[in-house]
Amino acid sequence: MSIRLRKTVMSVLFGALLAGNLPAQADSQDRLPDIGTTAGSTLSINQELAMGDFYVRQLRAGAPLINDPLLSNYINQLGNRLVKRADSVRTPFHFYLIRNDEINAFAFFGGNVVLHSALFRYADSESELASVLAHEISHVTQRHLARSMESQQRSAPLTWVGALGSILLAMANPQLGMAALSGTLAGAQQGMITFTQANEQEADRIGIQVLQRAGFDPQAMPNFLQKLADQSRYASKPPEMLLTHPLPESRLSDARNRANQMRSTPVQSSQDFLFAKIRTFGMYGSPDRPLSDDLLEQWEKGNVREQLAAKYGRVIQFYQAKKYDEARNRLQPLLASAPTNPWFLDMMTDIDLGQNRAAQAISRLQNVSGIQTNPVLQLNLANAYVEGKQPAEASKILYRYTYSHPDDPNGWELLAQAAAARGLRAEELAARAESLALSGQLDQAIQLLSNASSLVKLGSLEQARYDARIDQLRQLQQRFRQYQKS
Ligand SMILES: [Zn+2]
């Protein structure tokens, strides 16, 4: 399933948000409690979760998020494999991929980690990508962001929650004029959020342990840092990542020393990593850097996994060029040898739908064993049902899907389409409301739910459900208002 993206300038601001230049406060680091439970001075976990939730909704609204079920699934599996090996995990983790050609990654409250798609370009192995994730995860488990905010709260008379809220809102609001933007940037420059060098060292130290425990190559961490350092030496401007995660020479040598003290085991990148890399490149790369033949030719001469990923990459090239017959011919043997592979099935579904062959996609997907337990393929089948004018069948799948994955906008958007095709206006409005709420547009969401409520029978179960949901969203609105005051 490929998703069209709204492109905005807002991703630029995410870097700026985290790139504030507050002088390092090394001494305050030592005074802070380890887990941060001092009454009154420290953010509680619940506050962090609420802020994380607020932030993710703004992110969905304003950043070019890649809502690709296969890629989301992959980065969340990889991330959670590392989280399982981390200590002091207090919240669930969620990983997001945004379309951005600058190398960067950052962690936010509530275990939310954002990766730029360019990481797939620069990570030559799964261990390298994992090293970046392990570093970000460690910023979260060590609560660097909360501590940074607390220390700034002490040193500056800022209502930081309000200031942060306005930065996030500004990022998410494409209608903002330049004046408002530069005001916001000024706020970011005052150092709302920044990681100190001590934070960086700690995230590396903890992160490399997590990396090794999860079965990846610890050498990947200094190797990836070396790439960043080389890039900053030879490129006209330093990688964005070094603004948010400073990299002095000592950080690189420390990482190198730590890796050298660990047992080094050669680790092969998984097949999924190679598929994810080539898919990100091929489907979400920047227009001026399309998927080139170089990498494919290199992989065609590589190991078995690389050869297979290269074949998949060729299919993507043809699919992107809308040469569907050629794409199909290349994909058929791959699918025949691995009939339940979600990367291949998803691609074949897209090719079918590209050629208006929804019925073919439906019958193929229906016959895949274990499809009920695979959320990626469930979405594919629902999508094929919608395209194939069988919206009632789509709805059946999507009721279950949105129940078990309420935070995935893809499910709600498909459900709204299916309901519209069935003439179920109230249900359509309610599904659209959920999609809007996920991107923080609570006023509009409440409005749609009120409309839905007025369309159904007075006193019906549906009406009770819509009204209860309106109450929940009003509460959420109340909670978010405190982040919007400044
Ligand atoms: Zn960092």
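First residue shown is number 1, and so on along the chain.
Glycine too: its Cβ is placed from the backbone N, Cα and C atoms.
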Taking TrEMBL at its word that H135, H139 bind Zn(2+), choose the one of E48, E102, E200 listed for that site. E200
The average per-residue pLDDT within the domain 'Peptidase M48' (72-258) comes out at 78
Once near-sequence residues are set aside, which residues in the chain of D204 (active site, proton donor), 6 or more away, have Cβ atoms under 8 Å from its Cβ? H135, S138, M221, R251, D254, A255, R258
About how far apart, in whole Å, are the alpha carbons (Cα) of E200 (Zn(2+) binding site) and E136 (active site)? 10
Give the subset of the recorded positions E136, E200, D204 lying near ligand 1, defined as CB under 6 A from any of its atoms. E200
Comparing local Cβ density (other Cβ atoms within 10 Å) for the binding-site residues H135, H139 points to H135
Counting only residues 6+ away in sequence within the same chain, which have a CB under 8 Å from the CB of E136 (active site)? A105, F106, A107, V113, A203, G207
